[in-house]
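From Swiss-Prot, here are the annotated features:
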- 1-22: signal peptide (SIGNAL)
- 79-167: coiled coil (COILED)
- 159: N-linked glycosylation site (CARBOHYD)
- 187: N-linked glycosylation site (CARBOHYD)
- 270-490: domain 'Fibrinogen C-terminal' (DOMAIN)
- 279-308: disulfide bond (DISULFID)
- 431-444: disulfide bond (DISULFID)
């Protein structure tokens, strides 16, 4: 198309040149007619000339030259030097472009090879990633299976522990029945003896001879196989009434024949859910009944069973010590006091190690409830409570006091725990030996809640070894019931 335009421009140029020459002839004739007087020299000088400016066309395509019927002069007139220069420039530029394209093609070839290598490496990498992903997936599945097995094992252990506690509770109920039946048989034996003496007085009319001491037909205390730890120091005879001889029953009044069962089995609530970190968390979870709960402190891997007291408003108290009837001997060694002993639904000591773990997982306060033999209850509460570790012999840390029982515990604040076989008090002797229990003795005690349980209040003893609170009833009065409880500070 460009060649056609260029050819058309050349034709127009040629036509314009011919037309100009013809016009000059016509003008010449006209001027000769108008100015006949002019000389030939002047006329020749007055001839007009016309120059047509045709825009120069750049040749961008091939040039076709037809030499037939044209001579060299005509071709020379048709193709100018500038056109040739332009053609040379075009050819040079195209050559440079071809060289550049050749370089690009070479570079593209290298890039293509690199792309192929990268694609191959990418496929290998994808295969490796897939393999690693499958391995990771298998590992996750295996760990999940192990976690599931561990959870199932923990549930089995929890269920077995629950069954053991149920069996222990049933055994405790049987013990209560056994003790009641034992008392009944012993009372009947005493009654029979008294009746025999009366019969002898009536029918023989002779003075009765002094009868031997009455012994129990059935032992009052059966072995406590469900206690926390064995190994009493001194035996169960320490827990006795001070006024009665050992192994002798007091002569009672003549009883009437019982028509109902003489004993009442205490109702024990056992909570299967948990474990909880303390009784407050169990109460917040909706368990408002007092009973045996499964507890697992945050800084411990072991489980423990203890009594949660919710009858005191607002509830959530964790019981760490309880005295009610003297059925458990508290005159024990260090190992017993460390691990704990007793019956969860009766008298027990939770254990120094367990108390340490509980009191150090949060900020706790302590409340001690005391009951005398007239059934009057008082309390002493301390704003903070915790124990130091065993390396410091479970040193006691207490806060400020409030309550109506008087402060008999601050005397023991900051003191280490003492037992018969580990003396850590400030007295020259062993306070545990004199007070018959384990406690945070100073020199020696203003309170002795792990002492001997005496019946009736005031007792006779060489040493003040009863359960006493000096600021309430004094050191010669043994309290009827005591329980120590802790709870997180509000």
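FYI, residue positions are counted from 1 along the chain as it appears here.
Quick reminder: no glycine exception, Cβ is built from N, Cα and C everywhere.
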Go through 279, 431, 444, the listed disulfide-bonded residues, and name the one with the sparsest Cβ surroundings, counting other Cβ atoms within 10 Å.
444
Between 159, 187, which of the glycosylation sites has its C-beta surrounded by the fewest other C-beta atoms within 10 Å?
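It is 159 that, of the glycosylation sites 159, 187, has the fewest other Cβ atoms within 10 Å.
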Using C-alpha positions only, work out which of the recorded positions 159, 187, 431, 444 is nearest to residue 279 (disulfide bond).
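Closest by Cα distance to residue 279 (disulfide bond) among the recorded positions 159, 187, 431, 444: 159.
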Just counting, how many other CB atoms are there within 10 A of the CB of residue 308 (disulfide bond)?
26
Find the one among the recorded positions 159, 187, 308 whose C-alpha lies closest to that of residue 431 (disulfide bond).
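Comparing Cα positions, the candidate nearest residue 431 (disulfide bond) turns out to be 308.
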Between residue 308 (disulfide bond) and residue 187 (N-linked glycosylation site), how many Å separate their Cα atoms?
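That comes out at 36 Å between the alpha carbons.
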In angstrom units, rounded to an integer, how far apart are the Cα atoms of residue 187 (N-linked glycosylation site) and residue 159 (N-linked glycosylation site)?
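That comes out at 42 Å between the alpha carbons.
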Can you give me the Cα-Cα distance between residue 444 (disulfide bond) and residue 159 (N-linked glycosylation site) in Å, rounded to a whole number?
45
Helix, strand or coil: which one is residue 308 (disulfide bond) in, per DSSP?
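Looking at the DSSP assignment, residue 308 (disulfide bond) belongs to a strand.
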